[in-house]
Amino acid sequence: MTSIIWYIREFLRPAWISRFLTAKTEPLVTPPYFRDFPVTTENECTQCLACMMICPAPEAIIVVKREGVWRPEITKGHCIRCGLCVEACPEDVLASGRILATKKEEKLLLSGTYHISINPKTCMGCGNCSVVCPVNREIDPSLRSSGTSRSNEVIMRVDTGQNKILHEEKCTGCKTCEEHCPNNAIRVARVVEATEGGKL
Amino acid sequence: MEYLYEKDLRRMKLLILESRRHHAVTIEIAAILGIKPQAARKILIEECDMLLLENLPARCDAARKKGNEIEQKLGIHMLTQATHLISPDAGQKAVADVIEKIESGLEKEIALEEGRTGILELIRS
Amino acid sequence: MKKTVDISLPVGPVHPLFKEPCRIKCETRGEYVLSAEVELGYVKKGIERIMRGRPWQEVMFLAERVCGICSVIHNYTFIEAVEKISGIIPPERAAYLRVIVNELDRMQSHLLANYSYCYTIEHETLAMYVLNLRETVMDQLELITGARVTCAYIIPGGVRWDLPDDRAESLKSALDHIDSELTRFVRIFETGPFIALRSKGIGILTKEAAEAAYAVGPTARASGISVDCRSDHPTYQALGFSPVVRHEGDNYARIMARFDEVFQSVNLIRSALLKMQPGPVRGGGVIQAGSIQYRMEAPRGELLYDLVTDEYGRILEIAIQTPSIMNIQVCAHEMLTDAESAADITSIFISSDPCIACTER
């Protein structure tokens, strides 16, 4: 009995009656703060590849040259909409939801360092990694033609049958060496630190 | 209780026992029984059903700290409560036997060793 | 010992009442359930294997995708575990923001579980009311983090971004709305005679059985075990947290325990908003080598991350122990055995809030 009275009281609430009489489904709109797929802004991409280095999903973002201009491109099927690339981009080329505005306001920063580790047991000194490394080829153009390098400025170089790392700090974390190693002996670690307020 | 299965589940059970947490528990049970981990794994696969095996690390967490010193050394709660390898009554009887042997003057280590062999025979029978 | 079995009754793997696929095999005599066995393995993802060899910024997103319903807690636990390894202490404001997002996630998970139960006992009106209320919570989550599920809000050394005052105000008004609406719904649930018929005294889990099987979360707390990992967490201790415990141990107690926890979460968020002082939300810090076993309270109970990292913060080994498997096991072996009616199988199973995606990972 009490429950019947309870139900009658439920239905006699003015809020319920007015809602019942003016029932209307609100149109579905995506709120402006929704963290959607990143879109490019007007700013110029400097091809630093910070977005590609931070991206957790494989091949979700690539920086490509189209009609002479470098632009980041998103593959929608791969992107997981995490928004890390928007935070990592130093030139504010990408935008998604509210992230770009918040990043400027709070001075959010994602900074990365890269470390190379080589397993001496599986490295057979073939030198694929040294030849394929884009930074190496930039530093020592002779790598392109001869495949050997005498320069001491390169990131890594095969020396006495073993790959030796000379300048780890020059690594940009692209993992090209990892992809071309036949033995999976070389690994690149991307160490990321999240800070705010401009301090490093 | 006997559960009716539709197929041979030994391979799936082995896959469960290969995970990191289950591996640690298998080694622990092997140490309690004084046998090799492989033999302990065989006993677990034969005696436990799939759900019990999946839940083994958590059940062992609950059972590990229980009981007095002798019970913990024999791991009796791990065998009765967590894995259902022996019945609670049989477990209590094994503990009582060991305590009796110690009180009658037998050295503690030897008594525990004998208790362990008794429990292992109980499981294998 | 073989029992006389009339029929082996399969429920699932595809069943309109289940949120996720799993199969319950019940051995019945007439309507009476003699024993039950749950068969899993329909949504295995192998996420722990994918996580190996990856740094935090990739594993964080994989951890969230272990479970779609309670994604924030997986993110939270993983990040706090690697923070404990490296000795990073997040700023105070970030710690409170983490609690706010986590409690919002717990509220939506509990409301979804209770929706699911009401739907199972065919009280669809209340089910839809509760599901509608869940949308309010989801909107607040989206307002704070930018996404409804898989929020990716918590990172080592803090959170992704701050909560400005205007959004805090909107959160407060939403909490008031949830509080008043949910009071009404709980009243409906408490006083409904048909709900009581389907819930009270059904699927009883005794305290002893719950302790032996290591039941966790609301399932254990409804059986009189006061276990909650949040009581050991420093931020929750600062907010004066104490677990909700009920003693009946039946379906009704489990659902009511969840409703009570939603009210508790509302109060926790309110006090966190009051205690929060303006300040930084990111402290920085790099993940280092180490190993840890870290426990936190997920909506369904205790969640354990057991992980090893190398010197550059990559995950070498990881094992996740999710709460659902404990609850599913105790549900199949204790609660479902001796159920009076085959119609109660689904309602008992749903009342323990099983999350199959968590269980299989």
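Glycine is no exception: its Cβ is also placed from the backbone N, Cα and C atoms.
The Mg(2+) binding site feature in TrEMBL is assigned to C:E48, C:I320. Residues annotated as Ni(2+) binding site in TrEMBL: C:C67, C:C70, C:C355. Per TrEMBL, the feature Fe cation binding site maps to C:C70, C:C358. Look at TrEMBL and you will find C:124-282, C:286-361 tagged as domain 'NADH-quinone oxidoreductase subunit D'.
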Taking the Cβ of C:I320 (Mg(2+) binding site) as the centre, how many other Cβ atoms fall within a 10 Å radius?
23
Distance between C:C67 (Ni(2+) binding site) and C:E48 (Mg(2+) binding site) at the Cα atoms, whole Å?
13
So around the Ni(2+) site, C:C67, C:C70, C:C355 aside, which residues have their CB within 8 A of the centroid of those CB atoms?
C:V66, C:G68, C:I69, C:S71, C:I73, C:H74, C:S109, C:A298, C:P299, C:R300, C:T322, C:S324, C:A357, C:C358
Write down the Cα-Cα distance for C:C70 (Ni(2+) binding site) and C:C358 (Fe cation binding site), rounded and given in Å.
9
Assigned conformation of C:E48 (Mg(2+) binding site) - DSSP reduced to three states:
helix
C:C67 (Ni(2+) binding site): tally of other CB atoms within 10 A of its CB:
28
May I ask you to pick out the binding-site residues among C:C67, C:C70, C:C355, C:C358 with a CB closer than 8 angstroms to chain A's CB atoms, ordered by sequence, or 'none' if no residue qualifies?
none
If you draw a 10 Å sphere around the Cβ of C:C355 (Ni(2+) binding site), how many other Cβ atoms fall inside it, taking every protein chain shown into account?
25
Need the DSSP three-state call for C:C70 (Ni(2+) binding site) to compare against my parser.
coil
Among the binding-site residues C:C70, C:C358, which residue has its Cβ surrounded by the fewest other Cβ atoms within 10 Å?
C:C358
Take the domain 'NADH-quinone oxidoreductase subunit D' (C:286-361) and average the pLDDT across it for me.
85
Measure the Cβ-based neighbour count of C:E48 (Mg(2+) binding site), defined as the other Cβ atoms within 10 Å of its Cβ.
19
Can you tell me the CA-to-CA distance separating C:C70 (Ni(2+) binding site) and C:I320 (Mg(2+) binding site), as a whole number of Å?
14
Secondary structure of C:I320 (Mg(2+) binding site) (DSSP, helix/strand/coil):
strand
C:C355 (Ni(2+) binding site) to C:E48 (Mg(2+) binding site) - Cα separation in whole Å:
17
